[in-house]
Every structure is written in structure tokens, then in C-alpha cells.
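Novice: Dropping the structure in here first, questions after.
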Amino acid sequence: MAHPSQLGFQDAASPVMEELLHFHDHTLMIVFLISTLVLYIIVAMVTTKLTNKFILDSQEIEIIWTLLPAMILILIALPSLRILYLMDEINDPHLTIKAMGHQWYWSYEYTDYEDLGFDSYMVPTQDLTPGQFRLLETDHRMVIPVDSPIRVLVSADDVLHSWAVPSLGIKMDAVPGRLNQTAFITSRPGVFYGQCSEICGANHSFMPIVVEAVPLEHFENWSSLMLEDA
Amino acid sequence: MLLTIRKQLKSHPALIPLFFFIGGGAAMSLMYLARLGLRNPDVSWDRKNNPEPWNKLSPNHQYKFFTVNMDYSKLKKDRPDF
């Protein structure tokens, strides 16, 4: 989850998010280098007493400052496109979960084998137990087996919502009447938080998403328990 | 016109990288549009002989331009034939 005064991304919990993190570091480093260079040139131009009014053109420097930015842009574009195609690959999921957005809660349906469905409401602030996170916890979490490719089909029941979990690198709009597909694989067990990312009314900030990745036996026990409760 | 361009390029060689990159970008955009028009299964040019190409998708064909980790020709086909 995010922590106070956080500047960077949350720790990655999926391989795609790791790739995104590395790409961001790579691109940000290029941006910092260019900005530092430009700032240095500005300061140097402004603080010098030397003047030269008679240089009209120079072919060599023009070639350099056309080629160099083009190379830098290619250096940014190639990893970017690679990650874009990587995120879209269909990777033979083990489990398909439907996440439906409602005003103002999410509902999850695991219908591959049995008919398991439940709603996921935010825990109100006055009902939090010590150690729980304000505005992020839900009464039922979306439990998934760790290290397995999961497909999530996202849609909505009423207005636009968006199903987002930053540490997995996922954001998928929930559009009424439309089925959007996203897939991910968690590389480590844990609890991953996200919040609804499309304005949907009064309680848009109060419909979080919690994904809990557990070993397969725990997932099987959990789903049997949930089926009995339903 | 090409002769004028070549003459002017000789005295301004800095324009050569410009032609290269702008020309390359334009070529890539045109290739993208051509691929979209000709290969996209959502596009039907011949309504009589190929009316609904989006209904003829194959499970093993790679529709994206580039794959990093997937080999679509090796996917097992576990769906019924129509």
C-alpha cells in the first residue's frame, strides 16, 4: 500500500510491475540528465561576460543536436513498446475472476468451478481494528493463489468505475455493458491495496480493492469456506 | 526538385539526419496505417467475399505486431470448432 509522503511507486508484486519500475527508473534518469545539462547551460549563458555576435551557423553542432536527441528518444521508445506488448500478452490463466463495480462497492465472482460470489465493501473508519488501514480495508478480500496467472474480467453495473491495484501494475476501466480483460501473476504472497480510479459518485473514494495472494492450499480452504457461508 | 534538394544538402549537411528521422517516422506511420487497414480483423474491404473477418479468428495466429514472451503458434487449442 502507499505510505505517507511516498514519492515513488509502491513495491512491485508482479513481474509486469517490476518491468514498469525499471523502465520508469531508466526514463527518469534520462530526464534528470537532460534537465541538469539544460540547467547548467542556462546558468553558464547567463553568468558569462563573453559575447560573440558573429556565429551564424555550424553544421557539425546541428548534426550532433539532431542525432543525439533522436537516439535518446529511440532508447526510450524501444523498452516502452516492449513493455506495452508484454502487458497485453495472454498468458494461459489458471483462474478467471469477474470484478464488477457498483455504487459504491466491488463484487467478485469466481465461477470457474462453483458459483462463488461476494461483495466487498470498505470497512468504515469507526469500525477499524488497530493495525488496519483507513479507507483501504474491505470486509471481503479478493483472494488468489500466489504465483498463478489470473485473468480478471472487469465490468460495472451502473456507472464507470476503474479497478486498480498499483503494486500489481493494473488499472482497468469498468464500463457498464463492456467486458475488459486484464491478467496478472503475483510473484510473492501478500496483501495488495488499490482504490477505485474513475469518478463514480459520492463514495468514489470509499470503494477500495484488496487483493490477497496466498498459497494454493490456503486459497482452496478459503474458497470452500466462502462457498459454505454463501 | 530532388536535384535542388541534393544541391542544398551538400552545403547544409546538417539537414541529412533530419530527412532521415522525419522520413523514417513518416514511413513508420504509413506502414502502421497500411497494417491496420490490411491486417486488422475488424476491417472488411470486400463486403461480398469477406463480410465478417472478425468471426474467422484463429486461436494460434499472432494478431499483435510483436510478442515478448508468448509463442502463439504453440498455444494448445482447447475450444470447440464451429
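The count begins at 1 with the first shown residue.
Using N, Cα and C of the backbone, Cβ positions are placed for all residues, glycine too.
TrEMBL: automatically predicted annotations, no manual curation.
Residues or ranges marked as domain 'Cytochrome oxidase subunit II transmembrane region profile' in TrEMBL: A:1-91. According to TrEMBL, the domain 'Cytochrome oxidase subunit II copper A binding' annotation covers A:92-225. Marked as transmembrane segment by TrEMBL: A:27-51, A:63-85.
Mind running through what each feature is packed against?
Specialist: With DSSP states grouped into helix (H, G, I), strand (E, B) and coil, the domain 'Cytochrome oxidase subunit II copper A binding' (A:92-225) comes out at 19 helix, 63 strand, 52 coil.
Among residues of the same chain six or more beyond the transmembrane segment (A:27-51), those with a C-beta under 8 A of the stretch's C-beta atoms are 72, 75-76, 80.
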Novice: Is the transmembrane segment (A:63-85) packed against any residues at least 6 beyond its ends, judged by a Cβ distance under 8 Å, and which are they?
Specialist: 16, 19-20, 23, 26-27, 30, 34
